[in-house]
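Asks: Feature annotation from TrEMBL assigns domain 'Thiolase N-terminal' to 4-262. Feature annotation from TrEMBL assigns active site, acyl-thioester intermediate to Cys88. Annotation source TrEMBL lists domain 'Thiolase C-terminal' at 272-392. Taken from TrEMBL, the feature active site, proton acceptor applies to His350, Cys380.
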Amino acid sequence: MSEVVIVSATRTAIGKYGGTLASVNPEDLAETVIQSVLKRADISPELVDAVILGHVRSTSRANNIARVATLKAKLPISAHAYTVNMLCGSGMQAIHLGMNEIRLGEADIVIAGGTENMSQSIFYLRNVQSPGHTPELVDANVEGGPGSQPIEIYGRISMGQTAENVAEKYGISREDQDRFAYESQMKAKEALETGRFKDEITPVAVQTKKERITFEIDEFPRPNTTLEKLASLPPVFKENGTVTAGNSCGRNDGAAAVLLMSLEKAKELGIKPLARIVAFAAAGVEPAYMGIGPVPATQKVLERSGLSLDDIDLIELNEAFASQSLACIRELNLDLKKVNVNGGAIALGHPLGCTGTRLVVTLLHEMRRRGSRYGLATQCIGGGQGVAMIIENLY
């Protein structure tokens, strides 16, 4: 099978809930990164065979958002496009599917990524057409967590409750969670102050009520966070619990994309690849402990790659919650110095469909900056799953 390489990788800056990107439709965010990966690689849009996008909070305005974004970006009509919903893992699964299309000879050049605008997630009326039932107004952002597994079997488990479950099972203290969250904020602060994300971010033009502005700096980080402030926050999901708004990720807006092709195609076009996709893996876990999903996924991807954790130079572990991040770090015996060196989702944010790709984009750019060889991106998924991907720096 063909070796699949990444020749271009970018993301938007991440917006906070109700923030600067709130008015920008997710298909427009996707259009921005699609055009950017092509421009960065100096590739004609006419060469693209497929676009695969992760997206979770879909609306009727952009059914199959990948196709909508493909057409908006003026890619060829012949390019096929489809949308993936694997919840938090959607963006990484999109890369995996693009890799498979190339390996199987079904496509030469694929744009894979993810997009999400959680600020625009819909409210809907349930039971409107159900006789004998009272219509109920439902927030998709709230309903999405419990609906990640069959409620009649597991009950209404929110993602925060699963984080409490993991904290209790693996003995993750409130103090350790707050310390982890604080360190994520401080690493993100340093990364922003030193311009470490500049190369990976594509600016987004945003029309405000007063003027047209350029959005290019992550706005979710809280650089003035202190341990004292974190300790003062009340638990959100359980009485006398340990999971708070401060040691959890947020609801966010953003998009990310990578440009994939076979190594042979890159040579034919005279393009120097940035990275090679070494291996991908997905695994299932108990929904009530969904945050531990990166553990079996990482074990599986290491086995498939023939590598060990000692070979891995950098790790991007999605910080859905500090409790699950710490549980995964301890269960896998990860070197903290390698994990989320520029901060993670607790500081940067977690736009659901975008994050899986964002992890790979951030990992790749930091590997290039440091001259690292192998990197691992991994994340948990609501409903009890995990995904992991290993890439090799070729630049």
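In case you wondered, yes, glycine gets a Cβ from its N, Cα and C as well.
Relative to the rest of the structure, where do these features sit?
Replies: Counting every protein chain shown, the number of other Cβ atoms lying within 10 Å of the Cβ of Cys88 (active site, acyl-thioester intermediate) is 32. In the three-state DSSP scheme, Cys88 (active site, acyl-thioester intermediate) falls into the strand class.
Here the domain 'Thiolase C-terminal' (272-392) returns a mean pLDDT of 99 for the predicted model.
The DSSP secondary structure for His350 (active site, proton acceptor) is coil.
Within 10 Å of the C-beta of Cys380 (active site, proton acceptor) there are 34 other C-beta atoms, taking all protein chains into account.
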Asks: Using a Cβ cut-off under 8 Å and a sequence separation of 6 or more, which residues in the same chain sit near His350 (active site, proton acceptor)?
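Replies: Residues satisfying the criterion: Cys88, Cys249, Gly250, Arg251, Asn252, Asn318, Glu319, Ala320.
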Asks: Does DSSP give Cys380 (active site, proton acceptor) helix, strand or coil?
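Replies: DSSP call for Cys380 (active site, proton acceptor): strand.
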